[in-house]
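Reading through the structure tokens given below for one structure.
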Amino acid sequence: MITLVIISALIGFASTKPCDTEGSNTELLLSLNKNLLRSLESQEGLPNPSVHLALRLSNNHNLAKESEHLNRLKNELHNDIQSSLSNSQPVTGVLALYNLALKSSCYDLNTVSFTVNERSEALLTHLKNQMELEKEHIAFSHRPLTNYYQYSLGVLALCVSGIRVNNHVTNKLIKAAEHEQFKHGESESVDTYAMAGMALQCVKDSGSHMQNAAGLDTALSKIKQKLLASRRADGHIGNEFSTGLAVQALLAMGSEVAECAASMEAMRTAARSNAYHNPMAISQTLPALQQTSYMSVKSKECLTEDNTLVLEPLDPVVVSPNQVKVNVMVEVVTSSGAAALYSVHVPKGSSLLEALELLKEENVGFTFEKESSLWGPFLSVVNGEQARQSDRRYWHLSSDDTALTEGVRDFKIEAAQRITIRNTSY
């Protein structure tokens, strides 16, 4: 663990190391921007507010396509949130992202409303209500109704929208940071520390939390230390897919840390190797590489914007079937600890989802169901057993005992391996 003394020394040294994404990196940023814009044409399911937010925070725009996507958000995503609210389902995270996406387009949030029990109220009112439910859940169960990542998103969305966040709501987040409660399973969640850092920094900048200013500063210091201590030798903070949010948070918190250059270069290297092919991953990485963060939505002005981002036609890609097959062992461990082992041969380069579908088709007793998320599909039921968020459980995936950082659709099978699917609590 890096000590506070070392952290302080790094922060002091960092003042001479500003992040630089100019020059030779311009083409890479433009390519990521185009890939994100192109993803709008192939989106499955609901429109993604995180993708919209990143497009709006970018320096380059295709205003017509962004406007089309905004309309989809206001219709399809809005209706889905309306349905969840009507059924009393927690929607803190997606409601907060919807709020941020609308504000990034300078849309009048006061004109957006939802109707519950025949009572129509503004989006921001519903978000405040969701945060009250989250806060009350922490009071009697010591954890949010959803999780601290969504809780932080809610605080951030209210704050950048100019809404004074309830001191009790903020204090719950401060205490969670101080007591290191930002975890996913047994591991610390870099994503949550990053989102909490942006949320609490916004609250601090707003000057609305003076009664516990010392506690707020302590929490921000703790978060900064945690992010820096999570930096790997290759520059990534946590892993390839958490570095974007971590760098956003560090920049938002006013730091030009010595690790900034290494983390930026790590993301560029990953981008050049196509690690960020998932639109959600690009949407969190691109703002960081452009030296901005979700906090900048607060001062976003939609005036005289660039409108030069054009998508060139892509040549059709012909994929030849891969004749090389590899063996995949699939182990399923239920909540009781009972294990079942299966074997399937799949074409090299198949996604894990494709491998599981092939195994299911063999009728050897393996079954699964999946649900959609902003990151893509995830396993919800395996061999008839559910792993539900309401029960604080999920299906943890690992390959040869190494936890996967990608989902079932993105992880590729390139060699023989053992996949473990474990019903895990968090």
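Numbering starts at 1 and runs along the chain as it is shown here.
Every residue gets a Cβ built from N, Cα and C, even glycine.
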If you pull up TrEMBL, which of Cys106, Cys202 shows a disulphide to Cys159?
Cys202
Among Thr146, Asn147, Tyr148, Tyr149, Gln150, Asp191, Asn239, Gln284, Trp395, His396, Leu397, Leu404, Tyr426, which the record lists as binding cyanocob(III)alamin, the farthest-apart pair of C-alpha atoms sits at a distance in angstrom of 24
Report the same-chain neighbours of Tyr148 (cyanocob(III)alamin binding site): residues 6+ apart in sequence with Cβ closer than 8 Å to its Cβ, ordered by sequence.
Leu173, Ala176, Gln181, Phe182, Ser189, Thr192, Ala196
Candidates Thr146, Gln150, Asn239: member of the binding-site residues with the richest Cβ shell (10 Å):
Gln150
Spatially speaking, which of the binding-site residues Asn239, Leu397, Tyr426 is closest to Cys260 (disulfide bond)? Use C-alpha to C-alpha, please.
Asn239
Across all the protein chains here, work out how many other Cβ atoms are within 10 Å of the Cβ of Tyr426 (cyanocob(III)alamin binding site).
16
